Amino acid sequence: MQILLANPRGFCAGVDRAITIVERALEIFEPPIYVRHEVVHNKYVVSKLREAGAVFVEELHEVPDDQIVIFSAHGVSQAVRQEAKDRGLRVFDATCPLVTKVHMEVTRASRKGHECILIGHAGHPEVEGTMGQYNNDEGGIYLVESPEDVAKLEVKDPGNLHYMSQTTLSVDDTADVIDALRQKFPDINGPRKDDICYATQNRQDAVRELASDADVMLVVGARNSSNSNRLRELSEKMGTPAYLIDDASCIDKAWLEGHEKVAVTAGASAPEVLVKEVIAKLQEWGGKTAVELSGREENITFSIPPELRPHPVG
């Protein structure tokens, strides 16, 4: 059995930054450090941070007064920011800078009274945070997930429309929705480049390359991870069966029966240690040395807040 490794895979710069912010806050200020929502969507990561003293909550009312709170990589609404400010909570913001970029697009449109259409998945925390940047009763913000949603959509002023998207969507599906928007609203404005982040794009490109050669695909990632789910869907769309797994213990040996080439990738919030455990399990079952495909190099990094940066010694 051959093991093919996607490249790139796993942690992106935004996830790295978010985890580092929590780790540094724990080191400097000591537990408990409160985090609104899972800082990234991965059970292993959240469990490790919880063991170190992070307390994960869903709403700010769960955070005691005079405490530190960290906003997750997915971002929060203006209302949540205002609530934290009103309560005097000390905030460290782990929102991915690429999500913040989308927030700024919405804020600019809102100030002008223009309407916004967000392409995204209902209920995802990133979508809730982005929708929550809009604050103008004269306009409006609408959520669509598919061309069918676009067909049913009615807006106030088709001449003053902007679209933006969740950063972790399927590249292909988003292109279909944008095409539908442009067809229905010819004057709609959008970002020069779509809002899907570089890491989402790169990991989907790697799966596209792998799926054409593999018999089955294992995607390391959490059920609530948007970008991990898109990797599984893309593989299946290309005709290669794919399974989303939290870790090696989730692999069913029956999935591999009759297959010579097993591909392994990981979502942007899945650590490499979980990938290594998957490879070890496959090798226990007769897998050969894993072969990593050549892929796009990623050298993007995002800085953490100044108060959390290590101070030079001497």
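Positions of Cβ are set from backbone N, Cα and C atoms, glycine also.
Taken verbatim from Swiss-Prot:
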BINDING   Cys12, Cys96, Cys197  [4Fe-4S] cluster binding site
BINDING   His41, His74, His124, Thr167, Ser225, Ser226, Asn227, Ser269  (2E)-4-hydroxy-3-methylbut-2-enyl diphosphate binding site
BINDING   His41, His74, His124, Ser225, Ser226, Asn227, Ser269  isopentenyl diphosphate binding site
BINDING   His41, His74, His124, Ser225, Ser226, Asn227, Ser269  dimethylallyl diphosphate binding site
ACT_SITE  Glu126  active site, proton donor
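Distribution of Swiss-Prot features across the structure.
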residue: His74; record: (2E)-4-hydroxy-3-methylbut-2-enyl diphosphate binding site; DSSP (3 states): coil
residue: Cys96; record: [4Fe-4S] cluster binding site; DSSP (3 states): coil
residue: His124; record: (2E)-4-hydroxy-3-methylbut-2-enyl diphosphate binding site; DSSP (3 states): coil
residue: Thr167; record: (2E)-4-hydroxy-3-methylbut-2-enyl diphosphate binding site; DSSP (3 states): coil
residue: Cys197; record: [4Fe-4S] cluster binding site; DSSP (3 states): coil
residue: Ser225; record: (2E)-4-hydroxy-3-methylbut-2-enyl diphosphate binding site; DSSP (3 states): coil
residue: Ser269; record: (2E)-4-hydroxy-3-methylbut-2-enyl diphosphate binding site; DSSP (3 states): coil
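All protein chains considered, the CB of His41 ((2E)-4-hydroxy-3-methylbut-2-enyl diphosphate binding site) has 28 other CB atoms within 10 Å. For Cys96 ([4Fe-4S] cluster binding site), the same-chain residues lying six or more positions away in sequence with a CB closer than 8 A to its CB are Gly14, Val15, Arg17, Ala18, Ala73, His74, Gly75, Thr167, Cys197, Phe302. Cβ proximity to the [4Fe-4S] cluster site centre (mean Cβ of Cys12, Cys96, Cys197, cutoff 8 Å) flags the following additional same-chain residues: Ala13, Gly14, Val15, Ala73, Pro97, Leu98, Val99, Thr167, Thr168, Tyr198, Ala199, Thr200, Ala268. The residues near the (2E)-4-hydroxy-3-methylbut-2-enyl diphosphate site, meaning same-chain residues not in His41, His74, His124, Thr167, Ser225, Ser226, Asn227, Ser269 whose C-beta sits within 8 angstroms of the mean position of the site's C-beta atoms, are Val40, Glu126, Thr168, Asn224, Ser228, Gly267, Ala268, in sequence order. The residue listed as 'active site, proton donor' sits 11 Å from Ser225 ((2E)-4-hydroxy-3-methylbut-2-enyl diphosphate binding site), taking the C-alpha atoms as the reference points.
Between the alpha carbons (Cα) of Asn227 ((2E)-4-hydroxy-3-methylbut-2-enyl diphosphate binding site) and Cys12 ([4Fe-4S] cluster binding site) lies a span of roughly 11 Å. Less than 8 angstroms from the CB of Ser225 ((2E)-4-hydroxy-3-methylbut-2-enyl diphosphate binding site) sit His41, Asn42, Gly267, Ala268, Ser269, Ala270, each of them six or more residues away in the same chain.
If you count neighbouring Cβ atoms within 10 Å for each of the binding-site residues His74, His124, the highest count belongs to His74.
Taking every protein chain shown into account, Cys12, Cys197 are the binding-site residues, and of these the Cβ with the most other Cβ atoms within 10 Å belongs to Cys12. The record assigns His41, His74, His124, Ser225, Ser226, Asn227, Ser269 to the dimethylallyl diphosphate binding site, and the maximum Cα to Cα distance across that set is 15 Å. It is Ser269 that, of the binding-site residues Ser226, Asn227, Ser269, has its Cβ surrounded by the most other Cβ atoms within 10 Å.
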